[in-house]
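So that you can see what the record holds, here are the features copied from TrEMBL:
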DOMAIN    4-343  domain 'Aminotransferase class V'
BINDING   40  L-glutamate binding site
BINDING   74, 75, 100, 148, 167, 190, 232, 233  pyridoxal 5'-phosphate binding site
MOD_RES   191  N6-(pyridoxal phosphate)lysine
Ligand SMILES: *Cc1c(COP(=O)(O)O)cnc(C)c1O
């Protein structure tokens with residue numbers, strides 16, 4: 001058995017893969033593959049409807065928010081957000097917590113003024129800045145709730161009357177959130193919701209249509225809302241597999257139940273990092289992510305050796321991002337405690353053999 005700690009695309013439950021593979025040959029006894037059915041067929045309309053209602057149920061999305069399934073990844077949202085929310089001469093506030101946050105701000109600069117309210121760049125993004133002011137005349141405030149590369153997570157949403165836009169790509173559905181604290185949430189599915197190819201967007205409806213600008217239809221949230229995520233041919237298979245994964249999550253007891261598991265998984269791994277003299281965590285303790293656990297060695301020369309042991313033990317995808325180095329274990333919803341224990345055992349084994 002392989003233990004997939006990859007950062008994204010990520011592990012999904014085995015039963016989801018099995019179910020998904022069946023639909024490739026015969027979808028719901030239609031005699032057709034899910035890969036060939038019309039996106040306008042009754043069968044696929046049911047899929048979109050169920051996926052939306054699972055998102056609404058699992059995240060408690062109120063009626064005055066729209067749920068969209070788009071393409072172009074979180075990266076397209078970096079541009080769509082300012083296109084739809086920034087009026088001419090407008091300004092937007094961004095919190096700089098790493099590469100993804102920086103890329104989001106860079107796109108916004110094409111459409112208006114960007115104010116960086118705070119940054120943790122000075123320490124290579126090992127923490128979440130907490131004391132900052134959000135200008136009250138900003139059209140919106142953008143932040144990244146989980147910094148996939150650096151292993152930091154925002155557990156307390158900054159409070160402000162300015163509309164809040166959040167990139168939740170790598171922690172959506174991993175813990176309970178209060179949707180009403182946010183005005184727009186987006187997430188590339190491939191970190192925790194499903195396979196690559198679909199992006200979830202949840203928007204408070206009254207946020208839209210206020211810029212007075214013409215927005216190309218394909219980038220216009222209101223067009224996508226009007227068309228029920230069918231403005232153009234949607235990523236049929238990615239939505240279908242996401243639906244299967246959301247069903248799996250619901251059957252497990254939903255977000256509340258998975259959050260408890262995620263807390264235990266993260267604690268088990270962080271405890272070993274703290275205990276084991278060969279390893280040390282890179283993120284500030286209070287901001288440590290429950291989804292991406294980043295750690296290095298005191299003796300960097302030994303890192304290649306540990307990676308080799310990890311490979312032998314079927315621990316896949318734990319090499320750290322080049323901008324942090326060391327290791328990163330992504331421990332998304334579908335990764336089990338069995339896999340965490342396998343990694344912890346390898347760390348202990350490494351310690352024993354180097355005493
Ligand atoms: C992976 C990631 C992205 C980029 O997602 P794409 O879907 O590849 O565009 C953006 N933000 C965060 C937080 C991510 O983890």
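Glycine is no exception: its Cβ is also placed from the backbone N, Cα and C atoms.
All annotation found in TrEMBL is predicted automatically rather than curated by experts.
There are 21 other CB atoms within 10 A of the CB of residue 100 (pyridoxal 5'-phosphate binding site), with all protein chains counted.
Sequence-distant neighbours of residue 74 (pyridoxal 5'-phosphate binding site) (same chain, 6+ residues apart, CB-CB distance under 8 A): 100, 167, 169, 186, 187, 188, 199. Distance between Cα atoms for residue 75 (pyridoxal 5'-phosphate binding site) and residue 40 (L-glutamate binding site): 27 Å, as a whole number.
Considering only the recorded positions 40, 191, the Cβ with the fewest other Cβ atoms within 10 Å is that of 40.
Checked against residue 191 (N6-(pyridoxal phosphate)lysine), the binding-site residues 40, 148, 232, 233 differ in C-alpha distance, with 148 being the nearest. Across the structure, residue 148 (pyridoxal 5'-phosphate binding site) and residue 40 (L-glutamate binding site) place their CA atoms 36 angstrom apart. Take 74, 75, 100, 148, 167, 190, 232, 233, the residues named in the record as contacts for pyridoxal 5'-phosphate: the widest Cα to Cα gap among them comes to 30 Å. Recorded residues residue 233 (pyridoxal 5'-phosphate binding site) and the residue listed as 'L-glutamate binding site' have their alpha carbons 9 Å apart, per Cα-Cα distance.
The two recorded residues residue 232 (pyridoxal 5'-phosphate binding site) and the residue listed as 'L-glutamate binding site' have their Cα atoms spaced 11 Å from each other. Around residue 232 (pyridoxal 5'-phosphate binding site), a 10 Å sphere centred on its CB holds 13 further CB atoms from the protein chains shown.
Each of the binding-site residues 75, 148, 190, 233 was scored by how many other Cβ atoms lie within 10 Å of its Cβ, and the smallest score goes to 233.
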